[in-house]
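According to TrEMBL:
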type	residues	note
DOMAIN	508-631	domain 'STAS'
TRANSMEM	129-149	transmembrane segment
TRANSMEM	161-181	transmembrane segment
TRANSMEM	187-206	transmembrane segment
TRANSMEM	238-259	transmembrane segment
TRANSMEM	266-287	transmembrane segment
TRANSMEM	319-340	transmembrane segment
TRANSMEM	360-382	transmembrane segment
TRANSMEM	394-412	transmembrane segment
TRANSMEM	419-436	transmembrane segment
TRANSMEM	456-480	transmembrane segment
Amino acid sequence: MGGSAEANGGGASARVPVPPARPFLDTFRGNLKETFFPDDPFRSVVRERGAGRRTLAALRYFFPFLEWAPAYTLGAFKSDLIAGITIASLAIPQGISYAKLANLPPILGLYSSFVPPLVYALMGSSKDLAVGTVAVASLLIGSMLSSQVSPTENPALYMKLALTATFFAGVFQASLGLLRLGFIVDFLSHATIIGFMGGAATVVILQQLKGMLGLNHFTTATDIVSVMDSVFSQTHQWRWESVVLGCGFLFFLLVTRFISKRRPRLFWISAAAPLTSVILGSVLVYLTHAENHGIQVIGYLKKGLNPPSVTSLQFTPPYMMLALKTGIITGVIALAEGIAVGRSFAMYKNYNIDGNKEMIAIGTMNVVGSLTSCYLTTGPFSRSAVNYNAGCKTAMSNVIMSLAVMLTLLFLTPLFHYTPLVVLSAIIMSAMLGLIDYQGAIHLWHVDKVDFCVCLGAYLGVVFGSVEIGLVVAVAISVLRVLLFVARPRTTVLGNMPNSIIYRRLDQYAEAQTVPGVLVLRIDAPIYFTNASYLRERILRWINEEEERSKENGEMGVQYVVLDMGAIGSIDTSGTSMLDELKKILERRGMQIVLANPGSEIMKKLNSSKVLELIGHEWVFPTVGEAVASCDYVLHSHKPGAVRDSPAAHENMV
């Protein structure tokens with residue numbers, strides 16, 4: 001029970017103060033800061049004294065290498081050197097493979113592993129992120145651009161659109177960071193990313209059947225129905241040589257991955273396996289002249305560093321909108337992957353990265369990359385995991401990788417002439433198998449069925465529709481869930497814990513007891529225009545149900561409705577109007593509304609809208625315990641049928 005006033009110590013109840021009014025501009029400035037600058041990113045700049053010191057602090061903010069470079073040691077360089085060479089052995093074959101996945105010349109994959117890592121090393125805040133091309137973004141670019149422009153019939157235009165899409169992606173990414181809009185990426189929930197990445201990985205694996213089976217013609221669609229139709233309608237063109245070679249290298253790659261997982265210290269075996277496969281495959285094709293027996297090879301790769309591509313960007317109709325759409329969609333996916341990977345490894349090493357700074361860094365490297373013949377890059381998980389396991393200390397490992405790729409571009413590209421495409425397909429398939437997180441999906445099923453539905457919707461949308469459809473389905477389900485949480489917030493009945501003034505949920509605590517004549521309700525969400533009407537109806541339904549229960553048990557009917565407002569962070573004019581209406585409805589039914597634990601923003605709004613005056617300040621209490629104790633005191637100090645006074649009329653209440 002709530003207990004009498006005397007039992008709780010007596011004395012007058014503490015009033016809930018109305019916070020002093022703040023100028024509108026101060027309130028607006030504070031809300032703006034909490035929305036866009038919750039981490040107070042410029043505190044290190046403001047603390048400095050003098051223009052020179054502040055300028056240097058600002059430069060350190062935008063170019064984090066200025067923080068670690070002055071204290072860089074030889075020991076750290078040795079670790080970064082090993083890590084850089086290790087990820088270069090992975091970046092070279094993956095770069096070539098993913099460029100083919102995007103229907104681009106293989107040399108662009110190497111270009112994209114040279115310039116962007118240098119830019120990120122200057123501007124990135126992650127010590128472990130290894131920059132390069134990624135399979136999902138490559139697939140997106142390939143599927144979206146090839147839907148309107150054929151990469152085989154018009155390769156020059158197709159490549160221009162890919163570079164233009166990269167430029168737009170970079171501008172969009174950097175703009176999100178500069179405008180502090182990083183929270184937009186948070187709409188891609190963990191469940192969404194698991195389903196989307198799993199679906200995209202499945203689609204990528206299916207697309208590699210073209211290379212594994214040695215097919216010359218293949219569908220440009222990415223859905224499983226079209227791919228399977230294309231595969232089984234050409235059974236007469238399957239080449240056993242490609243199947244044997246591809247399966248052999250795929251088995252080799254999977255075995256090395258298994259060994260590295262079982263023995264983390266042997267991570268270099270899995271990291272070196274793709275480059276080893278490329279070398280072995282090239283030697284095998286060269287010695288056996290397998291290209292004359294249906295084994296397709298990469299062919300000629302031009303030597304030299306990245307040529308400028310400023311004049312290749314396409315800013316004129318009719319294809320500019322296609323490049324813009326592709327850039328925005330792929331840019332969001334690349335950001336989500338890069339930031340998620342960076343935060344994961346930062347957590348392992350116990351340091352923080354700024355998501356908005358990462359957006360600026362990733363966006364800048366893609367803008368610069370688009371001007372130097374590079375297509376979309378970010379921080380892939382597989383390469384970053386190798387970088388982390390190799391013991392990298394700083395972003396210098398990206399510089400080492402970039403230098404290794406530079407040497408490859410200058411001197412070693414002719415050696416890739418005989419690299420079989422089937423080996424590249426095997427490399428992609430082995431990498432994609434690691435992106436299908438079935439254990440994560442099982443965990444979602446056990447923890448949250450709705451999140452599992454989001455994950456499954458994203459997966460099925462990608463696999464049976466397209467990558468864009470899967471993304472739209474996943475985001476739509478996630479947004480719908482957020483809207484449902486806002487529009488249909490949880491309301492629960494609270495009961496008194498025996499021998500205390502603590503109130504807890506009746507559906508959770510079996511020992512909690514109701515207080516006769518007093519209904520205590522908790523609202524677990526802000527009150528906005530989207531849920532005000534629902535909350536009014538739900539509160540009235542709680543009252544009706546409690547009245548029926550009291551009548552059946554022969555107990556006192558509801559006299560007071562106490563609203564626990566501790567979880568209500570904000571309220572708008574629709575919410576204050578709802579409380580006003582609820583007050584009038586309860587008065588007509590002979591009941592009194594009581595507010596408990598309202599926050600400062602709530603009190604301001606209630607006071608400004610005159611709702612506080614209508615309810616009565618004496619019916620507002622700091623805690624639920626005090627509210628119920630006061631109501632219980634009034635109930636027991638009157639005879640049945642007598643007119644109730646407010647708690648302020650009594651001296652001995654809590």
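Even glycines carry a Cβ here, placed using N, Cα and C.
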Other parts of the chain folded back onto the transmembrane segment (319-340), taken as Cβ under 8 Å at six or more residues beyond its ends: 129, 134, 136-137, 140-141, 144-145, 148-149, 157, 161, 164-173, 176, 182, 184-185, 188, 193, 196-197, 353, 355, 358-359, 362-363, 366, 376-381, 468, 471
Top Cβ-contact partner of the transmembrane segment (161-181) among 360-382, 394-412, 456-480 (pairs under 8 Å): 360-382
Average pLDDT across the domain 'STAS' (508-631), rounded to a whole number: 90
Residues from the same chain, set at least six apart from the ends of the transmembrane segment (456-480), whose C-beta lies under 8 A from its own: 136, 139-140, 143-144, 187-189, 191-192, 194-196, 198-200, 202-203, 221-225, 329, 333, 441
Feature contact check the transmembrane segment (266-287) with the transmembrane segment (394-412), CB under 8 Å, 3 or more pairs: no
Selection from 129-149, 187-206, 266-287, 360-382, 419-436, the stretch that has most Cβ pairs under 8 A to the transmembrane segment (238-259): 419-436
Contact call for the transmembrane segment (266-287) against the transmembrane segment (419-436), three or more Cβ pairs under 8 Å: yes
Range from 187-206, 360-382, 419-436 with the greatest count of C-beta pairs under 8 A to the transmembrane segment (129-149): 360-382
Number of helical, extended and coil residues in the domain 'STAS' (508-631), per DSSP: 63 helix, 22 strand, 39 coil
